[in-house]
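Listed in TrEMBL for this protein:
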- 3-135: domain 'EamA' (DOMAIN)
- 30-49: transmembrane segment (TRANSMEM)
- 61-81: transmembrane segment (TRANSMEM)
- 101-134: transmembrane segment (TRANSMEM)
- 144-274: domain 'EamA' (DOMAIN)
- 146-167: transmembrane segment (TRANSMEM)
- 173-193: transmembrane segment (TRANSMEM)
- 205-223: transmembrane segment (TRANSMEM)
- 229-252: transmembrane segment (TRANSMEM)
- 259-279: transmembrane segment (TRANSMEM)
Amino acid sequence: MKVLLLLGIALFFSLHQVSIKKGTISCDTTTGTFVSIATTAILFTALSLPSLNPLSDLQPAFVAAMIIAGVLHFLVARTAFYVCIDRVGANVAATLATTRVFFAAMLGLLLLAEHITARVVLMAGLIFAGVFALSRPGGVKDARGILLGLFTGFVAALSSVVVRTGMEISSNAVLGTAIGYISALLLFPIVAGKKIEINSIGRDYWPFILGGIFVGFGHYMRYVALSLYPVSVVESFLSTYPLFTVILSWIFIRDVEVFSLRFFIAAILIISGVEAYFLL
């Protein structure tokens, strides 16, 4: 049961990425991002209401932390991630996004005065070797797409630092996520402006709705898992989701995805670096 739950989390995140790539083929990415964020905001709001205790949960410091974390993760990182998927594909984007573990470790060194360990050095070496392999001739030719993937990892890691601060005030992670998504949803039209094509939203945008549902349940199951198992166990399983993404993209969108030998070498290096951090 434990393994099924943890693998289920990775599967939901992979389904999210493949759905988004499917949507970017025929739809506007900016508008699709708005649709996806709105879907997950509605989902988490519904999930948070049954357990909401306004007096204990809606503390100003907690709400402020979750707003900042939500803007970082669900507005900035999510937008960068979707554009990355559009430019380089779900396979490469998923692999690059796992670098959030590396950036989280680096932020821990800078902000929390944590020490450099052998596993951090090993992780950094393997990840940078993987990114180098992707960016060389014969790899992914879109440098901006690669940078967006790395930027996604960095901002997601920065968001996690803010989330940790919020969780020290209130442990209601589902409510915190709902606050984050609602904040991102309200700010997105201001940031995107006229790039959101509201009038064009129709049946073609169903992959973005599915993506929002998949990532929403993925986050929810992750919170359940974190309440039952150690962080190192949950994150090590979650970091395998690029493997599921490769399998699912081969089944559903193989014509528009990257399946080169150089990609597989890079993916193995990056994922091995992340896993080494948790397992060694």
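Glycine too: its Cβ is placed from the backbone N, Cα and C atoms.
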Counting Cβ pairs under 8 Å that are 6 or more apart in sequence, does the total for the transmembrane segment (101-134) and the transmembrane segment (259-279) reach three or more?
-> yes
Can you tell me how the residues of the domain 'EamA' (144-274) break down into helix, strand and coil by DSSP?
-> 113 helix, 0 strand, 18 coil
In DSSP terms, the domain 'EamA' (3-135) comprises 118 helix, 0 strand, 15 coil
Recorded stretch, among 173-193, 205-223, 259-279, maximising Cβ pairs under 8 Å relative to the transmembrane segment (146-167) = 173-193
So what's the mean pLDDT when you look at the domain 'EamA' (3-135)?
-> 89
